[in-house]
Amino acid sequence: MTSDPSLLSWNGVRLFLICSLLTAMTNFPSGFSHTSVNTAVHKLNEYLNSSFTERYRPLDHEEVSLLKSGINSAWYLFQVIGAMCSPFLCDTYGRKVAFALSIAFMTVAGAMQMIASFTPYSEVLITGRLIAAVFSPLSDAALILYLQEISPASLRGTMSSLYSTGYSTMCLLGMLLGHEGLLGHSLSVLLFVPVIPGILSTAFILWMPDTPKFLLLVKKDKVAALKSLRFFQGFLPDQALLIDSMEQHQKEELAANNNNNIEDKEPATSVMHILKTPHLRKAMLLSVAAAVLTLPFYPILQSSTFFFTDMGVDMRTSQLASSLMMVVLTVSSICSTLIIDKVPRRVLLLTCGSCTVLFLTVFAVAEQMHQQSIAMGACFGFVMAYGIGVGPVIWSIPPELSPLANRSMMFCFVYSIHSCLVVVTNFSTIPLFMNIGAFSFVFLFAIPSALALVYLLICLPETSGREIHVIINELKGFIEDKEPSADIISAVA
C-alpha cells in the first residue's frame, strides 16, 4: 500500500509545478548571469577594458580574455567555500533557512554587480560575483534535498532531473535576453534582471514549509511534517502512516550506524568518514568520475560565442548559434525528464557520455581543418547528448549511492571537487584554445572523460528503480539475489 501521487494526477502536477518553480528560482541567478554575459561578451569586455583604461592603462585582447577567464574560474573556486559550509547549514538550520539565505545573498550580489557597472570599479562587480559564487552551492544543495525529500520514490528521478532542466531553461533565457536587440545593449540592465525575481523568490521560500523529513527527523515535529507532506503532495491516504514509517526507519538506520561505527572516532557525516569507509569512498569516486563528464559543458556555456568568432565565424552567426545551442539543451533536458524513470540511468549516462567524447573529438578535428560548419555542428551534438543523459543524471548519483546520514555531505563534497576541477579546466581553456585551437578540448576534456567512462562502465551499479540499501550493499560487495518489493517504508528511504 502506498500514498504516492501519480504524475498525471492533480497532486502530481501540483508537485511538478512546485519543483519546477524551486529549480527556476535556484538556477536563475547563476544560469542567466553566465549565458547573458556570454551572448553580450563584447559589452563585458568593453566594461573591463574601460575600467582599467580610466584608472591604469588599456588592456590588449589577450589580457581581456585572460581576465575574463580568471573571473569565470574564480566563480567555481569560491563555490568550494560555499559547498563545504552547505551540509552544516542544511542539516542544522534546515533546508528552508539555507535556501532562503542563499537566494537572498545572491540577490544582494546581483544588485552589487549592477551598481558596479555604472562605475569604473570592476573590482566591485567581481566581488559581487564571488559572493554569489559562495552562496550558489548552498542553493543547489538545498534544492537537491528539497527535490528528493518532498518527492515520492516513484517520482524522485523525474523531479530530480528538473535540476538540470531548470538550469538549461535559465541559460536559454539568458542567451536570448543577452542579444543586443533585446537587453544585450546594456550591461547594467542585464545584471539587474535577476534582482527582482530574487526578492520574490526569497519571499516564496520563507512562506513555504521545510521538507517533511527535516521537520520529522531533526525537529521531531510530526504535526509540522504531516502538514509539509500535504503541502507538497496534497491530501492522500496513509500519509500519517508514512510519517510513522519514516520515523521508525530512521531509528533503525541510526542504530545500525552506531553499531557499525562504534570504533570510528570520526563523525558519521564528516569528510574523513567518507574517505575512510570503503563503500562511501567508492561512491565518492564514482560520483566524481561522473562529474568529470560535465567539465567541457562549462567553457562551452560561458564562451561559445568567443570560440566561434575565434574560428572565423561572424559575430551575428556566433551569437545566434550560442542561443540555438541553449534551445537544443533545453529541449534535450525536457526529453530527459520524460524518459529518465523509464530508461536505466547507467545505460543513459554511459551512452550519452560516450557521445560527448565523440563530438568533442569531431569538434577538435573540424576546427583544425577549418570546417566551421562541422565544428559548430559537433558543439550542437555535444549539447544534445549532455542534455539528454549527462547533466540530468550525474547529480542524482551522489545521493543514490549514499545512506541518508551521508547524502548531504556526499553531495557537497563531490560538488567541491567538481568546482575545483572546473576552475582548473576553465582557466586553461581559453589560453590553450588561443594557442593550439580546439585540440585543447581533447587534452582537457575528451581524454579524461574517456578514462572516467571506462571506470564507470566497470564499477557503476544501476540505480534506477532500485532501493538505496540494495545499491549500497552492492558497493559493499554484497549481491542480493532478489530485491524486496517496494513498500511504504522504502518509498521514503
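Heads up, the Cβ atoms here are built off N, Cα and C, so glycines get one too.
Whatever TrEMBL says is automated annotation, not expert-curated.
What TrEMBL records for 12-32 (among others) is transmembrane segment. Among residues of the same chain six or more beyond the transmembrane segment (12-32), those with a C-beta under 8 A of the stretch's C-beta atoms are 5-6, 99, 103, 106-107, 109-110, 132, 136, 139-140, 142-143, 146-147, 150-151, 155, 158-159, 162-163, 165-171, 173-174, 177, 193-194, 197-198, 201, 204-205, 232-234.
According to TrEMBL, the feature domain 'Major facilitator superfamily (MFS) profile' maps to 19-464.
Tertiary neighbourhood of the transmembrane segment (73-90): same-chain residues 97-98, 101, 126, 129-130, 132-138, 141-142, 145, 269, 298, 408-409, 412-413, 415-416, 419-420, 422-424, 426-427, selected by CB-CB distance under 8 Å and a gap of 6+ residues from either end. Positions annotated as transmembrane segment by TrEMBL: 73-90 (among others).
Sequence annotations record features per position, and here TrEMBL assigns transmembrane segment to 97-118 (among others).
What TrEMBL records for 124-147 (among others) is transmembrane segment.
The transmembrane segment annotation in TrEMBL covers 159-177 (among others). Only residues 6 or more beyond the boundaries of the transmembrane segment (159-177), in the same chain, are considered here, and those with a CB under 8 A from a CB of the stretch are 15-16, 19-20, 23-24, 26-28, 30-39, 140, 143-144, 147-148, 150-151, 183-184, 190, 193, 301, 322-323, 325-327, 329-330, 332-334, 336-337, 340, 387, 391-393, 395-396.
Annotation source TrEMBL lists transmembrane segment at 189-207 (among others).
The transmembrane segment annotation in TrEMBL covers 283-301 (among others).
Feature annotation from TrEMBL assigns transmembrane segment to 321-340 (among others).
Feature annotation from TrEMBL assigns transmembrane segment to 347-366 (among others). Beyond the transmembrane segment (347-366), the same-chain residues lying 6 or more positions past its ends with a Cβ under 8 Å from any Cβ of the stretch are 290, 293, 296, 336, 339-340, 372, 374-375, 378-379, 381-382, 385-386, 388-390, 393-394, 437-442, 445-446, 449-450, 452-453, 456-457, 460.
Per TrEMBL, the feature transmembrane segment maps to 372-397 (among others).
What TrEMBL lists as transmembrane segment is 409-430 (among others).
Look at TrEMBL and you will find 436-458 (among others) tagged as transmembrane segment.
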Same-chain residues at least 6 beyond the ends of the transmembrane segment (409-430) with CB under 8 Å of its CB atoms are 65-66, 68-70, 72-74, 76-77, 79-80, 83-84, 86-87, 137, 140-141, 144, 269-271, 274, 280, 283-284, 287-288, 291-292, 294-296, 298-299, 302-303, 306, 395, 398-399, 401-402, 440-441, 444-445
Could you check whether the transmembrane segment (283-301) and the transmembrane segment (436-458) come into contact, where contact means at least 3 Cβ pairs under 8 Å with the two residues of each pair 6 or more apart in sequence? yes
Given the transmembrane segment (189-207), which of the listed stretches 97-118, 124-147, 321-340 has the most Cβ pairs that are under 8 Å apart from it? 97-118
Report, as numbers and ranges, every residue of the chain located at least six residues beyond the transmembrane segment (372-397) whose Cβ falls under 8 Å of a Cβ in that stretch; write 'none' if there are none. 144, 157, 160-161, 163-165, 167-168, 286-287, 290-291, 293-294, 296-297, 300, 304, 307-308, 311-313, 321, 324-325, 328-333, 335-337, 340, 345, 348-349, 351-353, 355-356, 359-360, 362-363, 366, 411, 438, 460, 463
